[in-house]
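Here is the structure we will look at.
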Amino acid sequence: MAPMGIRLSPLGVAVFCLLGLGVLYHLYSGFLAGRFSLFGMGGEPGGGAAGPGAAADGGTVDLREMLAVSVLAAVRGGDEVRRVRESNVLHEKSKGKTREGADDKMTSGDVLSNRKMFYLLKTAFPNVQINTEEHVDATDQEVILWDRKIPEDILKEIATPQEVPAESVTVWIDPLDATQEYTEDLRKYVTTMVCVAVNGKPVLGVIHKPFSEYTAWAMVDGGSNVKARTSYNEKTPRIVVSRSHSGMVKQVALQTFGNQTTIIPAGGAGYKVLALLDVPDKSQEKADLYIHVTYIKKWDICAGNAILKALGGHMTTLSGEEISYTGSDGIEGGLLASVRVDHQALVRKLPDLEKTGHK
């Protein structure tokens, strides 16, 4: 008796072959997709899997998580800043000239801090826009993971999720504020900063002092770990200003507020904002106002603006205009920062200061 077999018609053979090809195509395309995802092809620097709270289409992000990562980024960047300074090998160079004609300095501290801060934030939140002072080398990517834990001090202040669309978020990083002072070993002025703006408005700020390891953070309509002082003198104020143009501000300040006005020359915008607050750092000077009269970059001021705003304070141009943290990376109109005083009255008192800064 002949062995039993299965006969297929030519049509059956064709269907069988098509099914087989379909299975092979599905397996192969899935393999390629996995490989592309693994290597971050088609994504941002530091790509890969979407971070917490970030869907494939952009989705939403929780500002509490962004605050947690921002604090960690500022501290990690600060570790690099401190390590380089203590090694005394800064590899200092100039990126060019500032508008005032001074060298715009950069060191290994700037570069290494920037790398840590950028890739930590980018790995955690790949769908948000990140602006940073230093260039990010796309050929030197690093995946720096976050454990997705929100610290208890943040949860205590901000108990519920604060979701916003990822596409509305812009992050501003200053990996080393006060580079000039850093090269002079004036350590107290140095900070690392992260700011999160939503639709151009500063809502979250972190200022970290690497050499004293003090960190201030705040979220607008959320909470903070820093507070304003109990009183400020707006009649004869102590005014903190840039070391590079203290004389320019002093002349106008004395005319406006009188001879009892004190001018405090200082480095770094982060340090100057902290001078307005109740900071438990013995090296931190105290001021009533912060005035700046020349061009300044947004990564220098965004974190401080968010913190002041969260505490009921103000940071505006010298003419009283709010600062938008979208578009260009700098502002032309000078700067006035205050807390617990009549800010608009101060603006009206300083009508000529902006003109002085643009001679």
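Every residue gets a Cβ built from N, Cα and C, even glycine.
Within the same chain, residues at least six positions away from Asp110 (active site, proton acceptor) with a Cβ under 8 Å of its Cβ are Glu133, Glu134, Pro175, Leu176, Thr179. The annotation active site, proton acceptor is assigned in Swiss-Prot to Asp110 (among others) on the grounds of similarity to another entry.
Counting every protein chain shown, the number of other Cβ atoms lying within 10 Å of the Cβ of Thr179 (active site, proton acceptor) is 26. Residues or ranges marked as active site, proton acceptor by Swiss-Prot: Thr179 (among others).
Taken from Swiss-Prot, the feature Mg(2+) 1 binding site applies to Glu133, Asp174, Leu176, supported by similarity to another entry. Other Cβ atoms within 10 Å of the Cβ of Asp174 (Mg(2+) 1 binding site) number 34 in total over all chains.
The annotation Mg(2+) 3 binding site is assigned in Swiss-Prot to Glu133 on the grounds of similarity to another entry.
Other Cβ atoms within 10 Å of the Cβ of Asp300 (Mg(2+) 2 binding site) number 26 in total over all chains. As annotated by Swiss-Prot, Mg(2+) 2 binding site applies to Asp174, Asp177, Asp300.
A helical conformation is recorded for His245 (AMP binding site) in the three-state DSSP classification. Every protein chain shown contributes to the tally, and the Cβ of His245 (AMP binding site) ends up with 17 other Cβ atoms within 10 Å. What Swiss-Prot records for Ser242, His245, Gly268, Lys272 is AMP binding site.
Taken from Swiss-Prot, the feature N-linked glycosylation site applies to Asn259, supported by a curator's inference. For Asn259 (N-linked glycosylation site), the Cβ neighbour count at a 10 Å cut-off comes to 7, with all displayed protein chains included. When secondary structure is read from DSSP and collapsed to three states, Asn259 (N-linked glycosylation site) falls in the coil class.
According to Swiss-Prot, the feature N-acetylmethionine maps to Met1, an assignment based on similarity to another entry.
Sequence annotations record features per position, and here Swiss-Prot assigns region 'Disordered' to 86-106.
Across all of the topological domain 'Cytoplasmic' (1-12), the predicted model scores a mean pLDDT of 52. Among the features that Swiss-Prot reports, topological domain 'Cytoplasmic' is placed at 1-12, with the record citing sequence analysis.
Residues or ranges marked as topological domain 'Lumenal' in Swiss-Prot: 34-359.
If you look up Swiss-Prot, you'll see 13-33 marked as transmembrane segment.
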Counting Cβ atoms within 10 Å of each Cβ, the densest environment among the binding-site residues Glu133, Asp177 belongs to Asp177
Can you check what DSSP calls Leu176 (Mg(2+) 1 binding site), collapsed to helix, strand or coil?
strand
Relative to the Cα of Asp300 (Mg(2+) 2 binding site), which of the recorded positions Ser242, Asn259, Gly268 has the closest Cα?
Gly268
Hey, of Ser242, His245, Gly268, Lys272, which of those binding-site residues are within 10 Å of Asp177 (Mg(2+) 2 binding site), Cα to Cα?
Gly268
Here's one to test understanding: among the recorded positions His245, Asn259, Gly268, whose C-alpha is closest in space to the C-alpha of Asp174 (Mg(2+) 1 binding site)?
Gly268
